[in-house]
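S.K.: Sharing a structure here in structure tokens format.
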Amino acid sequence: MAALMNGFGSLQCKATVHVEKGHMQASGMAFFSPVNRCAQVHISSIPHFIGAKSVSASQLRMRHKVGSIRASAASCLQDETTKYFDFVVIGSGVAGLRYALEVSKYGSVAIITKAEPHESNTNYAQGGVSAVLCPSDSVESHMQDTIVAGAYLCDEETVRVVCTEGPERVKELIAMGASFDHGEDGRLHLAREGGHSHNRIVHSADMTGREIERALLQAVDNDDNISLFGHHFAIDLLTCQSNGEIYCYGVDSLDAETQKAIRFISKVTLLASGGVGHIYPSTTNPPVATGDGIAMSHRAQAVISNMEFVQFHPTALSDEGLPIKPATRRENAFLITEAVRGDGGILYNQSMERFMTSYDDRAELAPRDVVARSIDDQLKKRGEKYVLLDISHKPREKVLAHFPNIAAECLRHGLDITQQPIPVVPAAHYMCGGVRAGLQGETNVKGLYVAGEVACTGLHGANRLASNSLLEALVFARRAVQPSIDHMVDADVDPSFAKKWARPVLSVSLRDSILSDIIEKTKQARMELQSIMWEYVGIVRSTNRLKHAEWKISDLESEWEEFLFRRGWKPTMVGVETCEMRNLFCCAKLVVKSALARHESRGLHFTEDFPYLEESKRKPTVIFPTHIQELTWSSKPLQKQLQCK
């Protein structure tokens, strides 16, 4: 159950997080514990997003130099199933890599990623990085665009920090070898996208994320103090309690290649694991985006915020409208970047009637939430499956130069974008909510920092402005460095810590036939969950549909859980497919609970029962962990917490 509360809890939420003293947990590491925890939902009663102390740019500079440490004493004490590092980074997108490259100057670093290192949301980002780099532009203008797009729910201090520090972070990327497009005058070519009042998007054709990922991975590869662990699935954070505070000391993981459980003990953990796109059937996110970081953090007693604000990108490629259909169903939808509309692309229905001018004065350059709802309305009214995005009126050379990846993908399926409109449809794209973070990426769990899509910093408010995601990741990855170093210096991690948490049990002990049945059942449950989310928790919502989704998700999860038990699944077992399913259930429930708590329509959350924006409700949604309640195992820890010794 979730209760709607009044009042505000600080970032530390000492009075709101209830943990049984005298215990330590691998926070929810395995599934079916006798202990249940649930979320308490409240709409924060003060407009400022984070109850954390502001830190100026000058304060952010290194207050003391620890010195270059090739490997700490603890990091040398490795064995086959336990590894010790000063810093553990979960995720290999722009946020995780950029952070790792900074903290590696002060200690040993492990980067854990669940697939190949390049397989992140960053790698699929087409548009670019927004930054004020033109004399005619200003930080104030970028701030205003961000706040308007965010439906005035953005935290103004966070917005100012990001818009002010962004240009320097972009320059650092260039210095590290990232190559961006330049104009004929030799200066950076700055594109314009929906919601922006100026040209301020730094880009590398329509493959910006890929170029940034390439440059950062190359730098990581050249850094001897960073160890990268691919195909390591993060299971749960290792946490304990001391003096009313919760501390994080690393993470348990599953090496998918060796099928061994690997424990990473660390002084500092940065969570940069990306979003939750795969709670929906169609998403631009890669298959790794299953909400692992948010779900782990929720089980670890971290505060979660603004989960109702799921951004649907207005223009994903519609395979239904292609002349040559793909041979197999895509794992993730192919994104048609915002920059196509920014470059003059026009949206039509299938009767070639331009429709955006009927919905918003900004037409195709309106923010994403407006465009996605407009397309959704057209599709429902006309009974069609896609609309058309036309850029063919622009010079062929310009189109091919700016959008080579899109042009090539469409041509593979028989469509020439220089002559024909592109069939597009909205798809789940970005989670504006996540783990609640302060101005330095800090969470209410000591030693746990967050950056990138997994975090909710207050920048995006109720809707993210185009190309602000990579920007936010860069800024907060850098801002988390100094407090991480300070915590690392002060932290006392005894090697014996590794023995304090129970180890997960691998599912390989089950017979192959049983495992096959479980994996097949899990695939079915995943598809059913995605269908429920799209039908009842999509672009347009209602209270009845949200409540319907709530009980359908609960029933589906219980049915799946019971099937696993009948087939011999044990309470402490882990497997990649089942852990992902667990996290998907958890995140889906958080989205629904948050959506039910917001009794207005704002930004990405539009509900027919409360169709108007209300000033009195201009507050973030905050989910606090609270007393034991009756929930399924998505929120259950394996064991009670131990007192930190």
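These residue numbers are counts, starting from 1, taken along the chain as shown.
For all residues, glycine too, the Cβ spot is worked out from N, Cα and C.
Annotated transit peptide per Swiss-Prot: 1-70, in sequence order, evidence recorded as sequence analysis. The feature FAD binding site is assigned by Swiss-Prot to 92-95, LYS114, 121-128, ASP292, GLU453, 469-470. As annotated by Swiss-Prot, site 'Important in orienting the L-aspartate substrate' applies to GLU193. Per Swiss-Prot, the feature active site, proton donor/acceptor maps to ARG368; the stated evidence is similarity to another entry.
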S.K.: In whole Å, how far does the CA atom of SER92 (FAD binding site) lie from that of ARG368 (active site, proton donor/acceptor)?
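M.R.: Per the Cα atoms, SER92 (FAD binding site) and ARG368 (active site, proton donor/acceptor) stand 26 Å apart.
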S.K.: With an 8 Å cut-off on Cβ-Cβ distance and a minimum sequence separation of at least 6, pull the same-chain contacts of GLU193 (site 'Important in orienting the L-aspartate substrate'), or say none.
M.R.: GLY127, GLY128, SER130, ILE201, THR337, GLU338, ALA339, ARG341, GLY342, LEU365, ALA466, SER467
S.K.: What is the one among the binding-site residues SER92, THR122, SER469 whose Cβ has the most other Cβ atoms less than or equal to 10 Å away?
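M.R.: Answer returned by the neighbour count: SER92.
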S.K.: Could you work out which of the binding-site residues (ALA95, ALA125) has its C-beta surrounded by the smallest number of other C-beta atoms within 10 A?
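M.R.: So among ALA95, ALA125, the binding-site residues given, the one with the fewest Cβ atoms within 10 Å is ALA125.
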S.K.: Are there any residues at least 6 positions away along the chain from the residue listed as 'active site, proton donor/acceptor' with a Cβ closer than 8 Å to its Cβ? List them or say none.
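M.R.: Correct list: ALA149, GLY194, GLY195, GLN311, PHE312, HIS313, PRO314, GLU338, HIS429, ASN463, ARG464, ALA466.
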